[in-house]
Structure formats: structure tokens, C-alpha cells
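Peer 1: So TrEMBL has the following annotated:
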{"type": "DOMAIN", "residues": "1-118", "note": "domain 'Pyruvate carboxyltransferase'"}
Amino acid sequence: MEFLYRIYGETINAETTTITFTDTVSYNFPGEVEQFVKDLKANVVGIENAIILVHCHNDLGLANANTLAGAYAGARQVEVTINGIGERAGNASLEEDGILKNKSTYEIISAEDIGYVLSNETGIVLGKHRLAIKDNTFVHLMSITVAFKHLAFSFSFSY
């Protein structure tokens, strides 16, 4: 890691303004992303003169969690896409990371409008259970919870 810290420091010294952490193959877990960003902030000479950027892919379903972990650790810029549309399994999604990071100030309706427009234009159908933009968001159906509990108690291996 010392070599990496030195390389980052040299690029900042050469007037690079943004240092990027990229989880291209979705290999990391949120705690690892958080620790890496903290380590950059603690060990890279001149890091206060650069912006740490986090860019995550969603191959293992962790893009949003990893992006938020990086932001909470001090990354000042994140790369997200509308509806999470991106290469392979996609990227962190604007609407999900936005609502999770800014719980009280995020406007759900604007994300819904943008998400539907993009879906219509690209032909990529949105999943019924997409956070923040679909009809099932914030809906609680007790019958489903009860049904799953009943099913779980039907099998001895589930408890």
C-alpha cells in the first residue's frame, strides 16, 4: 500500500485534482471501501488538495453500499447513474444513493420522473421493487410477512 500512497501523492503533487477509487469488478465490501478511503486520507501526502472519487460496479449487488461507504469515509465525489444502468450488472444508482445519503432532503418524485423517462427511452424495464422510484416503495404488506413466517416454521431446518 505504501507504493500506492506514494503514487497518489506524486500525482497530486503534479496537480491532479481528483483521485479515484474504482471497484471495477465489484470485488470489495463496504467496510473495505470505507477503510481504503480513510487510509488514503491518512497516508497520502497532499490528499487535502485533491478530491477522492468513488466509482463502483454492481456485479455482487454492493455498488450502492460501497458508494455510500466511500462517501461516509470522506470521498467528496461519487459516480452514479440513473436507474443504476451501466456496464454488466450496472453501477451505483442516483436515486438509491441519493435517498439513502440525504434521507430528509431527497425529492422522490424527481427521481421517479427521471427514472421513468430513462426507462421509456432505453427500453430497459424497471424492476417492480426498485428503491425510491417504483410503486412498491414504502409499502408494507403484512400478509406477505405473515406468509413467510408461516412458511419458515413449516420447515425444521429454518430454525
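The first residue you see is number 1, and the count goes up from there.
Backbone N, Cα and C define each Cβ position, glycine as well.
All TrEMBL annotations are machine predictions without curation.
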Peer 1: Averaging the per-residue pLDDT over the domain 'Pyruvate carboxyltransferase' (1-118), what integer do you get?
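Peer 2: So the average pLDDT across the domain 'Pyruvate carboxyltransferase' (1-118) works out to 85.
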Peer 1: Could you give me the DSSP helix, strand and coil counts for the domain 'Pyruvate carboxyltransferase' (1-118)?
Peer 2: 62 helix, 19 strand, 37 coil
